[in-house]
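Engineer: One structure coming up, written as structure tokens, with questions to follow.
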Amino acid sequence: MINLILLGLPGAGKGTASERIVDKYHLTHISTGDMFREAMANKTKVGLEAKSYIDKGNLVPDEVTAKLVEERLSQPDIKEGFILDGFPRTTVQAELLDGITKRLKKPLTNVIALEVDEDTLIKRLSARYMCKNCGATYNKLSKQPKVEGTCDRCGSHEFYQREDDKPEVVKNRLEVNEKMNAPLKDFYQKKGLLTVINGEQTPEKVFEDIDAVLSNNQ
């Protein structure tokens, strides 16, 4: 069984890598954003608790997020293992996750960090733009529409760039994220779970390196 956390700054390629890992290893992809939406829609006890904070514009406390993660990891669909997306973000959350995986007897097997130079990340993120009509995401470096100037999904010709994808904003976002990411890497390094992979490579080569690490668990 593979129970995995994928770490990396925005633009490091976690989304693409996650899809490939899920396809090959049949892991359950667990996103905290999706969990919150699902729990609130289903009006579960933890979902309602989280909603009470969100409705007031407050951050959801770590303990509530951890309860939600534990609820999700307890579900029967996690047979082959899981890949966690968006949790933990801090060492406090990592400690809480430790407790959860021990209680559920589903220990983490791997923590993989995708390392990409800041300049590359800024280039990647500030190349992103979106369809004004349907929100489809494109990238000037890696994912242009099939027909230039026409959205693949809805056929619209209007595009825009989000404020937080502009270079100066991207730089600030990366600095904030790195402050959170570095202690997490140290935390898992000390536990002997961390593997660092060069995220500057092609998506195919990145997955090849991840695959080499994960195949040792089978």
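Just so it is clear, glycine is given a Cβ too, placed from its N, Cα and C backbone atoms.
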Engineer: Would you please say which range out of 31-60, 61-90, 181-210 has the annotation region 'NMP' in Swiss-Prot?
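Structural biologist: Region 'NMP', as annotated by Swiss-Prot, spans 31-60.
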Engineer: With Cβ-Cβ distances below 8 Å as the criterion, list the same-chain residues six or more beyond the ends of the region 'LID' (127-165) that contact it, or say none.
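Structural biologist: Residues packing against the region 'LID' (127-165) from afar: 173.
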Engineer: What does the structure give for the C-alpha distance between Gly15 (ATP binding site) and Thr32 (AMP binding site)? Integer Å is fine.
Structural biologist: 14
Engineer: Counting only residues 6+ away from its ends, which parts of the chain sit with a Cβ under 8 Å from the region 'NMP' (31-60)?
Structural biologist: 67-69, 71-72, 85-87
Engineer: Binding-site residues Gly11, Phe87, Arg128, Tyr138, Arg162: which have a Cα within 10 Å of Cys151 (Zn(2+) binding site)?
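Structural biologist: Of Gly11, Phe87, Arg128, Tyr138, Arg162, within range: Tyr138.
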